[in-house]
Amino acid sequence: MNDGENYWNAFRSHKRSATDGPTLSPWMVTVLQATKLLLFALCNIVLTLGSVFSKLIVLIMATNIVPRAHLIGKFARKCTKAAVRRTSTTTAGIYLSLLLIQCFPDTINLIRSGIDMWKGQCGQLVKSVVVLESLRAIGLAVLSFHVFPQLDLARCLVLSACFPLVAVLQRSLVAMVSAARTGRSFRNRLGRCFVAIPHVIMFLVLMSSCYVWALFDNKFTAIIALPIGVICTSAGFWESWIDTTHSGTSFDELYRLKYAVRKMNTTTKLIVSLMRIVCTVSVLVSAVYINDHKKLNSSHFVKAFFSFSTRQPHTRLLLLATGIIVLHFVMRGISRFLAALDLHPFSFVHPLSIAPLIAYGYVRYACQSPTCSIARRLARFGLHWVCDQWFQSARGIASPDFYICLIWLLVGCYRGWRLVRQRYFDTNEEIISSMPPVCNGLCIEQSLVVFQHSLNRQEKTMLTEEEDISDENDELRIRNDEVDRVSTVYGCATMWHETETEMRQVLRSILKLDVDHATRMNNKKANELRYRLEGHIFFDDAWEDVEEDGIEKRQPNEYFNMFFDLLNEMTGERLNEEGKMETRILVNTPYGGRLVVKLPSGTLLFVHLKDKKMIRHKKRWSQVMYMYYLLGHRIMDCPLSIEDRQQMADNTFILAIDGDSKFEPDALLRLLHLMNAKSDIGCACGRIHPIGNGIMVWYQKFEYAIAHWFQKAAEHVFGCVLCAPGCFSLFRASALMDDNIMHKYTKTASEPRHYVQYDQGEDRWLSTLLLKQGYRIEYAAASDAETYAPEGFEEFFNQRRRWTPSSIANTVDLLMDYKRASENNDAISYAYIAYQFLVIFFSMLGPAIIFTMLVFAQVAAFELRGSDVMLYNGIPIGFFIVLCFTTESNIQLIYAKYMSIAYAFVMLAVLVATSSQIVLETVLAPTSLFIVTMVGIFFFAACLHPKEFTNIIHGVVFFLMIPSTYVFLTLYSLINLNVITWGTREAVAKATGQKTKKAPMEQFIDRVIDIVKKGFRLISCREKKEHEERREKMEKKMQRMELALRSIESGADVKKILDATEEKEKREEETQTADFPIEENVEKTQKEIQKANRYVWMTSHSLKVCERGKLKSAEKVFWNELINAYLKPIKTTPAEMKAVAEGLASLRNQIAFTILLVNSLLALAIFLIQKHKNVLSIKFSPIKNFRWTKMNEMTGQYEETDEPLKIDPLGMGIVVFLLIILFVQTLGMLLHRLNTMIGAFQEVKNLYEYGVSPVINTKNDDERIMNNARLMINSLGVSTGHAADGYTRHRGEESDTGNVLYKLQKARLAKRMQRSALSTTE
């Protein structure tokens, strides 16, 4: 059988695609696993030893409150040289240190809550939490200030183990009530009684701690304080006796707070913090009087707090307390970190269960074998080690309370183990991890417990951020069921005149998404991240006029044809028996045309062909198209309730990409995961990697790297990202639909600054609108995407000419409106605004800073006079400024290119001069220290990004191009601010309808050719006139026939078309003899012909294989209304264009003059200060006996000197501010890398949970990898709240960024009522 195929020629060659396996290479998986194990071990050690250290320090301070002149301990007898000299100030220092340890976290919470309440964030007071936390504060303070001073260290430790008293009592009562319940058999009751007996015994044992020492004949006087302290602390430790059984009971609020089902609201936080501070201070005051400190008064407390001297014990005590506070914050952070990694300390080594035993063992050992080094260290703080308060007997004879104390210790450790023991959950369960919302400094182990809880289906509907429970019948209540988990993602790409390589790149990414989407939707595993996918490509200016056989047609241009051929090649679609492709449908639309494609795995891809004669072109208007089409027409116009449409908007996301973007499905999944974690995120963006070839791309690789490593990470950590790149960002639909965002994005430029802010950087403007409305923009470093960067010098400069003014304009706009931005957006604080102000301020001073650096480096390298070098450098830069004001861009770019090459050699001199300065002045000199620190930080950042480490190599190119980019590029961008053309891909001027400016020689040649052509026309005009008339008549007849044939194919009325054509010919003949045309009939005729021509493009050679479709009437109406409202092609008159040009020139002059003046003044000031360095400098010696090398002007030799360095105060100030910015960004980078590392650990864990090996076996594991490898992003450990912040599912109805559909509906109803009222009055 032969069907036309040669089976013998079935062998093939094709490009090998990247392996669809895990994104983490095997060596990275191994390193991450080893790092994870090491971190787990280190964190457990820090938690355990830190808890022991904290507990011992607190107890040592507490046992030293009351002087012990009557007691001579073992340490005192052995270590006579470590005598302790106590003063009243030292005693006041002990009191203040314990107060600081306990109340400092509460003070921080009080301040933060006050600020939040000032912003209007309140809530209903949870009284039970206030009462119990007050009891805990009273209990801990009573024990620390009244009871512990009368005990020794060992007895203090065993008494601390009795805090689970109420928890044991509760278990006893539950068991006894269960045994006494009616309806049970005798055997069942007897069995339950036996179960209750151990709990009753433990309760009685722990209860004995309230009175046992009062039975002995000793000097213990805190008989009343002891039971009060133990019972209050035990009752206040409510996390130990509240569990899941209290859900729905009178303790339901406590249950929700413990398991982070609900956050502790601002009002409750403030009152709890205030009451804890008041209770602690009150108990401290009472202790000062009851403990009979005869010489202690308020002046001693004031002196202890304000008199700072590291030689005094009270200052050392306060510093020690500060160290303990820092340790507590670190341990709380470590506990949260382990919870985020889903790594919990082993139950038997948790601080709550093991710290008392370790501390007790160490105290017993130290008391049996006293070490004088401990005594000497404690003596420096005015403290001593208290071993045995009473019953000082011979060696080997135990005290009467020894055994009962040991039982307390064992019972307390057992109850601690029961509280922190690990629970095992099914992989399909949704787990919440939480920590106690209050930090207890005097008993830190209680604040290090991580609780886990599995949400059942009923509880999921009650998850809120605040305390108000949604009404079950509320129309706007959003349910969290399985349907909510399936998100809808619209992938929207904007194209113009991309190359074949760029188109192939974005198509390959879309096809990978198609496969991943189908795999996930078909896989029904619980808790798997699934999404619906639909692709949209908006082809800007995709049409051109083509004249064929004398007939002018409007057809898709060569770029779309190239895209269509490429799409067929990559999808492998074949023709059916009728010679058609069933998966390709062509549709006429009011904006041009549309190609609908069904991808191999079922995803629909809509290719929108925009005609600039029918709709506005450029990227911003394409974005307006898909926003209004997908969010307005698809969501707002659908016949659903407000609740359902709100749910659609919350679960709908737009993936904005460029026509050359390249990314993996995992990158999208990471962004989706981030968006699902927090509801206030309006947009999430990934790490953009520039690709391409050439020196300019190398420069951009390093530039992008440090921008993401430092600036973007710092923005993410300390505030929020200011710009979401349009090449790869995920937007939440409900955020875009909110007020002052999508609608305001349609605003056309009416002022000169609007052209810069709106049209030159549309991505930055959209980001600014989101930030002002209160939405966060977050950055996910692990979500990688690639895009082609400009490879040529001119294209790079033109790109930055657009970006720089737009970035500055939008940042200034945000800073000028900082009050509203800070009020609406919780992520934007005044400190963050100040940081952004510093960044933009120093970026504007970049030319002056780099210019002066070049000058002084050349002075040092070539040993020239500073004034001469400043003149030599000032002339070329000044000449470039003149060129920017007076000449065309191409001349400016040619000059900038050659000067960039020249200054690259100058930078080598800078490198030599800087190296010599470091050698001569040593690394400790301020300038040398700054340079070495900056280089070290860059290298450290590269080490923290191992996958991107090679970018550090491109830092050499970045260094050589510093003058080019920080001087010439900055000046070029600002002075050409009035040029609003894009400047990239300008080779295709044919499509834009504009002619590019030609060189003078080209213009001369064109004039000569025109003259020759006109001469030939004059010679042959008479001979060809009659021939031309006959030919025109023939062409008109052929045109009529061709129109008729094509009209038959399209189903149009042939007679009507022919009549219209004849009428048009008659009108043309009449217009040749008449003095005026009949315009209305001509326009009508043209419309008829245009209507017939609408189907001509579908019959082109490449597109005739596609099926034909028809737009639905509702969608056609929508597009017509949208175009009329926002997207009509903008027609400007010459007068309007002149006014715009003049306005832009005026704006350019103002801004350029200001920046040039400031930079000139700064450069001159630095130069003059350096010239008069001997008078206007600051003398600085980094260390004592500092020596450096200096040239002797008399001998010309280098000699060592001990003279102080002479520092320029202005330059030093700039260096200090730059260092501050760099350190802030480095801190932000470290915190962001920690967050990214948590995600990487989670991926490694999920790799093995879903059965994916990090080593790819392409022979046996292809199918398994296809089904499982993409599941590794679905980690619940990070998305659920693993700290005191609680579990966030959605925001409350009162939120400004919540229920967008409800707000829009209210506005619509208000307009309707207003119109009806007006009509009534009329």
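A Cβ is built for glycine as well, from the same backbone N, Cα and C atoms used for every other residue.
Per Swiss-Prot, the features are:
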COILED    455-486  coiled coil
COILED    1019-1053  coiled coil
CARBOHYD  Asn297  N-linked glycosylation site
TOPO_DOM  1-39  topological domain 'Extracellular'
TOPO_DOM  61-128  topological domain 'Cytoplasmic'
TOPO_DOM  150-156  topological domain 'Extracellular'
TOPO_DOM  178-193  topological domain 'Cytoplasmic'
TOPO_DOM  215-221  topological domain 'Extracellular'
TOPO_DOM  243-269  topological domain 'Cytoplasmic'
TOPO_DOM  291-316  topological domain 'Extracellular'
TOPO_DOM  338-342  topological domain 'Cytoplasmic'
TOPO_DOM  364-396  topological domain 'Extracellular'
TOPO_DOM  418-836  topological domain 'Cytoplasmic'
TOPO_DOM  858-865  topological domain 'Extracellular'
TOPO_DOM  887-892  topological domain 'Cytoplasmic'
TOPO_DOM  914-922  topological domain 'Extracellular'
TOPO_DOM  944-951  topological domain 'Cytoplasmic'
TOPO_DOM  973-1148  topological domain 'Extracellular'
TOPO_DOM  1170-1209  topological domain 'Cytoplasmic'
TOPO_DOM  1231-1322  topological domain 'Extracellular'
TRANSMEM  40-60  transmembrane segment
TRANSMEM  129-149  transmembrane segment
TRANSMEM  194-214  transmembrane segment
TRANSMEM  222-242  transmembrane segment
TRANSMEM  343-363  transmembrane segment
TRANSMEM  397-417  transmembrane segment
TRANSMEM  837-857  transmembrane segment
TRANSMEM  866-886  transmembrane segment
TRANSMEM  893-913  transmembrane segment
TRANSMEM  923-943  transmembrane segment
TRANSMEM  1149-1169  transmembrane segment
TRANSMEM  1210-1230  transmembrane segment
Counts by DSSP class (helix H/G/I, strand E/B, coil) across the topological domain 'Cytoplasmic' (944-951): 7 helix, 0 strand, 1 coil
Criterion met for the transmembrane segment (129-149) and the transmembrane segment (222-242) (at least three Cβ pairs under 8 Å): yes
Cβ neighbour count (within 10 Å, all chains shown) around the residue listed as 'N-linked glycosylation site': 12
Contact between the transmembrane segment (1210-1230) and the transmembrane segment (866-886) (at least 3 Cβ pairs under 8 Å, separation 6+): no
Top partner of the transmembrane segment (1149-1169) among 40-60, 343-363, 397-417, 866-886, 893-913 - counted as Cβ pairs under 8 Å: 866-886
Stretch of maximal Cβ-Cβ contact with the transmembrane segment (866-886) [cut-off: under 8 Å; candidates 40-60, 222-242, 397-417, 837-857]: 837-857
DSSP helix/strand/coil residue counts for the topological domain 'Cytoplasmic' (887-892): 4 helix, 0 strand, 2 coil
Stretch in 222-242, 343-363, 397-417, 837-857, 893-913 most in contact with the transmembrane segment (40-60), if contact is a CB pair under 8 A: 343-363
Ranked first among 222-242, 397-417, 893-913 for CB pairs under 8 angstroms with the transmembrane segment (837-857): 893-913
Secondary structure composition of the topological domain 'Extracellular' (858-865) [DSSP: H/G/I, E/B, coil]: 5 helix, 0 strand, 3 coil
Per-residue pLDDT averaged over the topological domain 'Extracellular' (291-316), given as an integer: 86
Same-chain residues at least 6 beyond the ends of the topological domain 'Extracellular' (858-865) whose Cβ lies under 8 Å from its Cβ atoms: 872-873, 906, 909-910, 912-913, 916-917
Chain residues outside the topological domain 'Cytoplasmic' (1170-1209) and at least six past its termini with a C-beta under 8 angstroms from it: 856, 866-867, 919-922, 924-926
Residues from the same chain, set at least six apart from the ends of the topological domain 'Extracellular' (914-922), whose C-beta lies under 8 A from its own: 857, 860-861, 928, 931-932, 1182, 1186, 1188-1190, 1198, 1205
Per-state residue totals over the topological domain 'Cytoplasmic' (338-342) - DSSP helix, strand, coil: 3 helix, 0 strand, 2 coil
Remote residues contacting the topological domain 'Cytoplasmic' (944-951) - C-beta distance under 8 A, at least 6 residues beyond either end: 28, 701-702, 705, 709, 1229-1230, 1233
